[in-house]
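Undergrad: Take a look at what Swiss-Prot says about it:
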REGION    1-23  region 'Framework-1'
DISULFID  Cys23-Cys92  disulfide bond
REGION    24-38  region 'Complementarity-determining-1'
REGION    39-53  region 'Framework-2'
REGION    54-60  region 'Complementarity-determining-2'
REGION    61-92  region 'Framework-3'
REGION    93-101  region 'Complementarity-determining-3'
REGION    102-111  region 'Framework-4'
Amino acid sequence: DIVLTQSPASLAVSLGQRATISCRASESVDNYDINFMNWFQQKPGQPPKLLIYAASNQGSGVPARFSGSGSGTDFSLNIHPMEEDDTAMYFCQQSKEVPYTFGGGTKLEIK
């Protein structure tokens, strides 16, 4: 299975500032020039919400302050400017190989 190592485990960011979350895969998640890396946001009592798919594409209705980048094994999620509503858990997920696997999560809070 592809192992995803996400960092940091927790992050506190001031309103209006930038939050950056990293995800490293144990092997490349690229295939046919597509990066099979996705990012999800999860709030307590709610299902995960898809923010970013294929490394850099925004999900439906996702605000422009969420962006993704990276290729191969190294990826990042950026949130800028940070808003109060962005307090949540964030997870990377690879969808190159079954079983699809998730990173351990990052808890994002307001500083």
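Every residue number used here counts from 1 along the chain in the order it is shown.
Glycine too: its Cβ is placed from the backbone N, Cα and C atoms.
These figures come from a predicted structure and were not determined experimentally.
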Undergrad: Take a look at 24-38, 93-101, 102-111 and tell me which one has the most Cβ pairs under 8 Å to the region 'Complementarity-determining-2' (54-60).
TA: 24-38
Undergrad: Counting every protein chain present, what is the number of Cβ atoms, excluding its own, within 10 Å of the Cβ of Cys23 (disulfide bond)?
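TA: There are 28 such Cβ atoms around Cys23 (disulfide bond).
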Undergrad: Could you say whether, by DSSP, Cys23 (disulfide bond) belongs to a helix, a strand or a coil region?
TA: strand
Undergrad: Across the whole of the region 'Complementarity-determining-1' (24-38), what does the mean pLDDT come to? Round it, please.
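TA: PLDDT averaged over the stretch: 96.
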Undergrad: For the region 'Complementarity-determining-1' (24-38), could you work out the same-chain residues 6 or more beyond its ends whose Cβ comes under 8 Å from its Cβ atoms?
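TA: Residues 2-7, 50, 52-56, 68, 70-75, 92-96.
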Undergrad: State the non-local partners of the region 'Framework-1' (1-23) in its own chain: residues 6+ outside its ends, Cβ under 8 Å from one of its Cβ atoms.
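TA: Apart from its flanks, the region 'Framework-1' (1-23) reaches 29, 37, 39, 70, 74-84, 86, 90-94, 96-97, 99, 101-111.
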